[in-house]
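Working notes for the structure below.
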Amino acid sequence: MGSLSCSIIHLVLILQLQTFFVFSQNIRNGSVPVGESLTASESQQISSSWRSPSGDFAFGFRKIQPNDGFTLSIWFDKISDKTIVWHAQAVNTTTGLVPNGSKVTLTADGGLVIADPRGQELWRALSGGSVSRGRFTDDGNFVLFRDGSEDSDEVLWSSFENPTDTLLPNQNIEVGRNLSSRRTETSFKKGRFSLRLEDDGNLQLHSLNAETASESDIYSQYYESNTNDPNNPGIQLVFNQSGEIYVLQRNNSRFVVKDRDPDFSIAAPFYISTGFLLSTIIPKEARRIVGGCLLGLCRDNMCSPDDALGNMACGYNNICSLGNNKRPKCECPERFVLKDPSNEYGDCLPDFEMQTCRPENQTANSDVNLYEFITLEKTNWPFGDYESYANYDEERCKASCLSDCLCAAVIFGTNRDLKCWKKKFPLSHGERSPRGDSDTFIKVRNRSIADVPVTGNRAKKLDWLIIACSVLLGTSAFVIFDTSCSYRKTKKSKNMMKNQARDIGRTTATTTANELNLRVFTYGELAEATRDFTEELGRGAFGIVYKGYLEVAGGSEVTVAVKKLDRLDLDNEKEFKNEVKVIGQIHHKNLVRLIGFCNEGQSQMIVYEFLPQGTLANFLFRRPRPSWEDRKNIAVAIARGILYLHEECSEQIIHCDIKPQNILLDEYYTPRISDFGLAKLLLMNQTYTLTNIRGTKGYVAPEWFRNSPITSKVDVYSYGVMLLEIVCCKKAVDLEDNVILINWAYDCFRQGRLEDLTEDDSEAMNDMETVERYVKIAIWCIQEEHGMRPNMRNVTQMLEGVIQVFDPPNPSPYSTFTWSDESLSSDPVSLV
């Protein structure tokens, strides 16, 4: 849920005064003839542009972030921030951005048309028409005219009639139109706030569902003009040159939303709203900034909620307070970090393992010393309490939470009522106020007893022993073995245990692991369990996986998988530590579970749960093909698992080696992602990581070969390849047919031959609509330009049919890389 747009809706007012500077023009007096074009260029942050006659505004491609694509925009060109006031919102990509080399052309039949470097159309202003020319006006409006005179007012399209998140003077909002916020300052996806002139003439400001941003999925209403009288409804929201904003009604009466502004008398101010329609006056001279509430739409306290639905100004577990000019400020509590560091208004995640109520964990959880409270004075979370008590003092209130595994926080009323409210995670509508009469106490794991997963520089300073202990303390969900498990031990293993006990650090780790149902094994124990490593299950880039049998309490045996790292070198050491650290922190039904590990001398092994149905590769590449329904369910489940790694862990995790051989199936054919040996933790305060090339041929994203920053989009690429394998039941690289699957799949899609991908698969042939959707999603995922790939949340939503899937462009328009016969192998390798 929820991120508040850094810029809810911009309302920009300009006083047009004569300018004293003449700027170079790409077009003559704002007139753009048919055939003119602009190209997005990596060589400069702002590509070539067309300027309005005064030079106040520019039109062209803008690159917002170094590693992202471009957006077609209109912006202020005479201020240093180059503030964008319009952007092509309906770009036919999942990210809303277009790649380097894309071109916008003014055409006779489509008006403004964006095409990628291969000529694939990404967006157009008109579905049809006969455009004679375009004109870029001094008030920031780009207008397309029909054949004939401009004076005839035969306007086919204009940016003013298709607003995005900004309203300029002389720009009006018609019935049924709306302004929509951006997700963040640097994200051009639709945000969750909308200012709309409804069909009944009522002007309303809404908060929308953050996931869908749909106008039909309204959470909160902040304002309405009540101009919905059936006899005299509002017909237009007018914004004039005097700074006056009003709803024009049918009988020409005005409902004034904002009076004329006296500040319009100063030299050419720009009004830019941020936060909840709060204005900032930025003169062209940029010497001063003046703020205030715009439109009268602001409440006295925008942090104060009016209903329990949605999460208002700040995300879950985030605290809202009012700063200067009544602007909402959001801040994560101590021991919490932003889910998206670029969005201060978003959700906050705990940096510790939260208490659970699983029966097997109650012994540990019952120790109240494991937890403590952080205190947030004059802070309240008004919704979501599940129990309340009257006449409790503060200590009794906190004690009731410590002994309750459901309780995440308590709110204690400091007024005369002395009331205590218990809350569960996530906490919503957090508000801090100097006049608040409540204190919040959030329950966190006690640092003095157990280290917790951390982010930032502190994590880098922890040595391996401390990391291991903290990981073990974070894995109470892995309950395959009870601390009372008794293992058969040979005399050799007993002696090894005695020797091991002399190592204080190893003893500490073992004790910690046993307390939390995770085991530190000796080499002898695992050698006995695997019958001296005789039954091989599979091989990876750095190790071999063996089948093993461990005796548990009662004399029964449990089957396990033991991964033995077969070479001891720096990379192996790094892989071993990464795998234990990463898997020990996560628990999700589509991720493999860790049981324990061995780190004895030069022997490094990891013990997993055993999944009886083997790998997805064995499941897919067999005859007869698995059922189409099973394959669809597996595709969605794997996407959810990767989404969890990328967005829902306390630290973002990049797997780096997604492929069918690393997907295991349980007895119900539920997929679980395994082999995190190549995983890289991407700390929450970073945007990318540079690393050695890792992965498996056929699944490796192009940026690995270009010494480019590695982001979570490498997993998206690998998933796209695997999704094609799931659809076709063919390997990414087929040596027998000498076929590269991604090339063949795109050719079939481009030529309308999708049935070739599912030949002899009657079940899939009867569901070609889903087949086509999955193939299009896969092609989006394998785009060579990583900025064109969707994130895994978008992928999951597309798989589930929640969001539309547009036709993808050629995924490899620039690629000169070819697989040699020698390299046509799907064996796991480490690419250097």
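Just so you know, glycine gets a Cβ as well, placed from its N, Cα and C.
Because the structure is a prediction, the values reported are computed rather than measured.
Per Swiss-Prot, the features are as follows:
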- Asp657: active site, proton acceptor (ACT_SITE)
- Leu537, Gly538, Arg539, Gly540, Ala541, Phe542, Gly543, Ile544, Val545, Lys563: ATP binding site (BINDING)
- 37-157: domain 'Bulb-type lectin' (DOMAIN)
- 299-349: domain 'EGF-like' (DOMAIN)
- 357-446: domain 'PAN' (DOMAIN)
- 531-803: domain 'Protein kinase' (DOMAIN)
- Asn29: N-linked glycosylation site (CARBOHYD)
- Asn92: N-linked glycosylation site (CARBOHYD)
- Asn100: N-linked glycosylation site (CARBOHYD)
- Asn178: N-linked glycosylation site (CARBOHYD)
- Asn240: N-linked glycosylation site (CARBOHYD)
- Asn251: N-linked glycosylation site (CARBOHYD)
- Asn361: N-linked glycosylation site (CARBOHYD)
- Asn446: N-linked glycosylation site (CARBOHYD)
- 1-24: signal peptide (SIGNAL)
- 483-832: topological domain 'Cytoplasmic' (TOPO_DOM)
Separation of alpha carbons, Asn178 (N-linked glycosylation site) and Asn251 (N-linked glycosylation site) (Å): 22
Local confidence of the prediction over the topological domain 'Cytoplasmic' (483-832), expressed as mean pLDDT: 75
Cβ-based isolation winner (fewest other Cβ atoms within 10 Å) among the glycosylation sites Asn29, Asn446: Asn29
Spatially closest candidate among Asn29, Asn240, Asp657, the listed recorded positions, to Asn446 (N-linked glycosylation site) (Cα to Cα): Asp657
Those binding-site residues listed as Leu537, Val545, and which of them has the most Cβ atoms within 10 Å of its own Cβ: Val545
Collapsed DSSP category at Asn446 (N-linked glycosylation site): coil
Residues in the domain 'Bulb-type lectin' (37-157) grouped by DSSP into helix, strand and remaining coil: 3 helix, 56 strand, 62 coil
Lowest local Cβ density (other Cβ within 10 Å) among recorded positions: Asn251, Gly543, Asp657: Asn251
Rounded to the nearest Å - Cα separation of Asn240 (N-linked glycosylation site) and Asp657 (active site, proton acceptor): 57
Reduced DSSP assignment, Asn29 (N-linked glycosylation site): coil
For Val545 (ATP binding site): DSSP state (helix, strand, coil): strand
From glycosylation sites Asn29, Asn100, Asn178, the one whose Cα lies nearest Gly543 (ATP binding site): Asn100
Neighbouring C-beta atoms (10 Å sphere around the C-beta of Asn240 (N-linked glycosylation site)): 14
Of the recorded positions listed as Leu537, Arg539, Val545, Asp657, the one whose CA lies nearest the CA of Asn29 (N-linked glycosylation site): Asp657
Distance [Cα-Cα, Å, rounded] between Val545 (ATP binding site) and Asn178 (N-linked glycosylation site): 57
Spatial neighbour of Leu537 (ATP binding site) that is closest, considering only the recorded positions Asn100, Asn178, Asp657 and their CA atoms: Asp657
Shortest C-alpha distance to Asp657 (active site, proton acceptor) - which of the recorded positions Asn100, Asn178, Arg539: Arg539
Alpha-carbon spacing, Asn178 (N-linked glycosylation site) to Asn100 (N-linked glycosylation site), which is rounded to whole Å: 30
